[in-house]
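Asks: Before we start, here is the structure in question, set down as structure tokens.
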Amino acid sequence: MEESNPAPTSCASKGKHSKVSDLISHFEGGSVLSSYTDVQKDSTMNLNIPQTPRQHGLTSTTPQKLPSHKSPQKQEKDSDQNQGQHGCLANGVAAAQSQMECETEKEAALSPETDTQTAAASPDAHVLNGVRNETTTDSASSVTNSHDENACDSSCRTQGTDLGLPSKEGEPVIEAELQERENGLSTEGLNPLDQHHEVKETNEQKLHKIATELLLTERAYVSRLNLLDQVFYCKLLEEANRGSFPAEMVNKIFSNISSINAFHSKFLLPELEKRMQEWETTPRIGDILQKLAPFLKMYGEYVKGFDNAVELVKNMTERVPQFKSVTEEIQKQKICGSLTLQHHMLEPIQRIPRYEMLLKDYLKKLSPDAPDWNDAKKSLEIISTAASHSNSAIRKMENLKKLLEIYEMLGEEEDIVNPSNELIKEGQILKLAARNTSAQERYLFLFNNMLLYCVPRFSLVGSKFTVRTRVGIDGMKIVETHNEEYPHTFQVSGKERTLELQASSEQDKEEWIKALQESIDAFHQRHETFRNAIAKENDIPLEVSTAELGKRAPRWIRDNEVTMCMKCKESFNALTRRRHHCRACGHVVCWKCSDYKAQLEYDGGRLNKVCKDCYQIMSGFAESEEKKRRGILEIESAEVSGNSEVCSFLQYMEKSKPWQKIWCVIPKQDPLVLYMYGAPQDVRAQATIPLLGYIVDDMPKSADLPHSFKLTQSKSVHSFAADSEELKQKWLKIILLAVTGETPDGPSEHLDTLDNLPGPKEKSEC
């Protein structure tokens with residue numbers, strides 16, 4: 001029977017009650033102090049001895065500000081009810097009904113904090129006969145600070161307490177243990193005297209917590225299966241039966257989800273629930289999970305049709321308004337958690353790897369001689385095989401999610417969302433312009449079957465790009481180029497377009513070349529007819545071959561690499577002779593030499609401007625003029641630069657003329673001659689210097705440029721200046737050999753004529 005409790009104490013009567021309390025303490029003859037001393041002694045002897053409510057109410061000497069909690073009267077009322085039901089037993093110790101208890105109740109009414117601490121300091125009071133005392137738990141939880149409360153809330157949400165599942169007997173105890181595991185707290189830790197004593201977890205406790213986690217995650221999983229089976233599937237099937245779309249489509253999307261749901265909700269989850277209630281006598285889970293093995297075939301069927309199911313959802317959403325309307329209506333509900341149907345369809349795929357992870361953790365803590373060892377090990381072997389298939393499907397789903405993100409970044413204009421498309425690499429890069437010397441910012445998306453060459457566009461939210469060119473992997477070739485002015489460059493040559501790109505570093509360049517080449521190799525392995533299409537890097541020409549003219553986009557020679565027309569060799573100027581590019585070979589030509597048009601296959605057969613030579617080849621006409629025999633000046637710069645002893649830009653001055661920047665080359669085929677060009681791609685040299693017999697002076701005067709040297713012979717004086725001392729020494733090393741008739745590879749055939757010359761060796765020594 002409930003005892004009558006004193007009315008709540010008002011603020012106005014606090015002083016009066018405090019006087020009454022003082023009088024009671026005075027007439028008890030120091031009972032307060034003695035009680036406090038007894039508590040200290042008892043706590044020192046045994047920290048785990050349960051304390052009476054009176055003792056706990058007097059141990060706290062420092063008042064604390066606590067969060068809102070139930071009133072002391074309410075707590076006492078609940079406590080009295082429990083005492084009446086269980087023979088006035090609290091924590092296994094008889095609670096004496098005496099005048100001292102009445103006085104304690106009065107003190108509790110005056111000091112709610114002490115009563116709250118009383119409940120908090122009694123760990124066993126949280127459970128009475130295996131059932132949680134909710135009132136006491138609420139009081140104990142109020143002792144923790146706001147950080148612990150937030151952590152507890154997060155833990156509860158993680159455990160799936162809002163899944164809408166019916167509560168089972170014993171579940172509150174299991175959930176509390178998992179909550180303690182995640183928060184790093186225990187009910188005993190609430191006692192101030194126990195705060196400095198850390199209890200190390202035993203292996204048995206760790207195994208129990210793993211089993212508890214398995215149970216709680218299984219509950220959450222069953223809830224998601226119910227969402228797929230009982231909500232999405234049923235609602236869409238109802239709409240299909242109205243004739244909005246074929247019911248067969250719905251069955252293909254959800255496959256055998258109903259069978260999977262029935263197995264987990266009617267067999268596996270109840271088995272785990274029962275086992276956790278019997279854990280004290282049967283601490284094992286391996287035997288239950290081993291029963292899962294025959295049903296993994298259901299997951300194999302689901303995984304096999306997963307790609308097609310996701311693609312079908314995408315197509316139905318785009319093409320069938322009724323399908324889109326039903327799915328969006330369900331996705332707005334709270335139970336969906338703001339996730340799409342595709343995300344929930346991934347749940348069965350993710351569950352098998354989850355079993356594998358928990359079993360691995362379980363076996364690490366389990367002793368090899370434990371009764372559950374063999375069952376757990378067999379279960380892990382079977383589940384690991386199924387998990388490998390699920391992981392593959394997960395990777396595909398993640399790739400599909402990434403494709404959707406890129407699809408949005410490209411303004412939803414490129415149809416790239418396809419399970420067969422796989423993103424290999426993406427990133428910023430610079431594109432070297434052919435019209436000028438600037439490097440333009442670009443962005444590349446490399447897939448397993450194509451390269452998207454994109455231009456950034458302005459966007460207030462996120463990164464947005466416009467696709468400039470789509471280059472297919474089929475027929476693509478990669479060339480590592482070397483350019484002193486533009487480091488870290490490489491060339492991507494495809495049927496649709498050829499791009500000269502500049503990476504941010506040598507490492508970035510190597511990563512791009514590796515990714516591109518691996519994509520090309522993988523593509524040709526999938527298509528055996530192209531297995532011989534990949535040539536070695538040294539065999540890949542920088543220019544389009546005659547047979548490929550019009551079929552493959554050429555690399556455009558940059559404007560600043562030539563000073564004259566690459567066909568007629570006339571010098572360019574800004575007014576009367578401007579630069580034009582042949583769309584077939586990429587050469588820079590003048591307007592006279594580019595006054596032709598031809599259909600180019602790589603551009604869809606459209607007419608494009610081409611040079612005279614390409615027009616004659618593509619039209620099938622023979623050359624109208626026989627090529628004249630080339631003189632020494634008509635050797636192309638690119639021809640000798642690619643096979644030279646040394647080549648670079650140098651500053652050059654002859655006699656009293658001003659300094660000018662020229663491209664200098666000493667070719668391997670003619671190592672005793674210095675060729676001077678206006679630019680690296682010129683087809684005609686401006687001048688040549690036979691080096692044999694020249695005197696080298698590498699001591700510049702104060703008026704000369706730094707890092708300069710001179711070549712003198714009779715009245716001819718040629719002054720050169722390099723950009724660095726290292727480059728200067730590189731040139732001098734080759735020139736000092738050439739002026740004596742020697743070559744870097746050994747004595748030259750011209751050495752026989754040196755005896756007839758007036759001592760060039762002596763003159764060249766510096």
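Heads up, the Cβ atoms here are built off N, Cα and C, so glycines get one too.
Since the structure is predicted, the reported quantities are computational estimates derived from the model, not experimental observations.
The region 'Actin filament-binding' annotation in Swiss-Prot covers 1-150. Annotation comment: Swiss-Prot describes 43-65, 132-145, 152-161 as compositional bias 'Polar residues'. According to Swiss-Prot, the region 'Disordered' annotation covers 43-167, 745-766. The domain 'DH' feature in Swiss-Prot is assigned to 206-393; the stated evidence is sequence analysis. Sequence annotations record features per position, and here Swiss-Prot assigns Zn(2+) 1 binding site to C565, C568, C590, C593. The feature Zn(2+) 2 binding site is assigned by Swiss-Prot to C582, C585, C611, C614. Residues or ranges marked as phosphoserine by Swiss-Prot on the basis of similarity to another entry: S702, S716.
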Asks: List, in sequence order, the same-chain residues at least six positions removed whose CB sits under 8 Å from that of C568 (Zn(2+) 1 binding site)?
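Replies: In sequence order, V589, C590, K592, C593 meet the Cβ cut-off.
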Asks: I'd like the Cβ neighbour count for C565 (Zn(2+) 1 binding site), meaning other Cβ atoms within 10 Å of its Cβ, all protein chains included.
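Replies: Looking across every protein chain shown, the total is 25.
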Asks: Would you kindly give the Cα-Cα distance separating C565 (Zn(2+) 1 binding site) and C611 (Zn(2+) 2 binding site), rounded to the nearest Å?
Replies: 11
Asks: Which site among C593, C614 has the most other CB atoms no more than 10 Å from its CB, taking these as binding-site residues?
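Replies: Top count of Cβ atoms within 10 Å goes to C614.
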Asks: Rank the binding-site residues C582, C590 by the number of other Cβ atoms within 10 Å of each Cβ, and give the residue at the low end.
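Replies: Relative to the other binding-site residues in C582, C590, C590 has the fewest Cβ atoms within 10 Å.
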Asks: Would you mind reading off the Cα separation of C582 (Zn(2+) 2 binding site) from S716 (phosphoserine), to the nearest angstrom?
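Replies: Rounded to a whole number, the Cα-Cα distance is 40 Å.
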Asks: Please report the Cα separation of C614 (Zn(2+) 2 binding site) and C565 (Zn(2+) 1 binding site) in Å, rounded to an integer.
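Replies: Distance between the two Cα atoms comes out at 15 Å.
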Asks: Quick one: give me the count of other CB atoms within 10 A of the CB of C585 (Zn(2+) 2 binding site).
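Replies: 25, counting other Cβ atoms within 10 Å of C585 (Zn(2+) 2 binding site).
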Asks: What does the structure give for the C-alpha distance between S716 (phosphoserine) and C585 (Zn(2+) 2 binding site)? Integer Å is fine.
Replies: 40
Asks: If I take the alpha carbons of C585 (Zn(2+) 2 binding site) and C565 (Zn(2+) 1 binding site), what is the distance between them in whole Å?
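Replies: Per the Cα atoms, C585 (Zn(2+) 2 binding site) and C565 (Zn(2+) 1 binding site) stand 14 Å apart.
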Asks: When DSSP states are folded down to helix, strand and coil, where does C590 (Zn(2+) 1 binding site) land?
Replies: coil
Asks: Taking the Cβ of C611 (Zn(2+) 2 binding site) as the centre, how many other Cβ atoms fall within a 10 Å radius?
Replies: 28
Asks: Report the mean pLDDT of the predicted model across the domain 'DH' (206-393), rounded to a whole number.
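Replies: Mean pLDDT across the domain 'DH' (206-393) comes out at 89.
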Asks: List the other residues in this chain whose Cβ sits within 8 Å of the Cβ centroid of the Zn(2+) 2 site residues C582, C585, C611, C614, in sequence order.
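Replies: Counting only non-site residues, the set is L549, R583, A584, G586, H587, V589, S594, V610, K612, D613, Y615.
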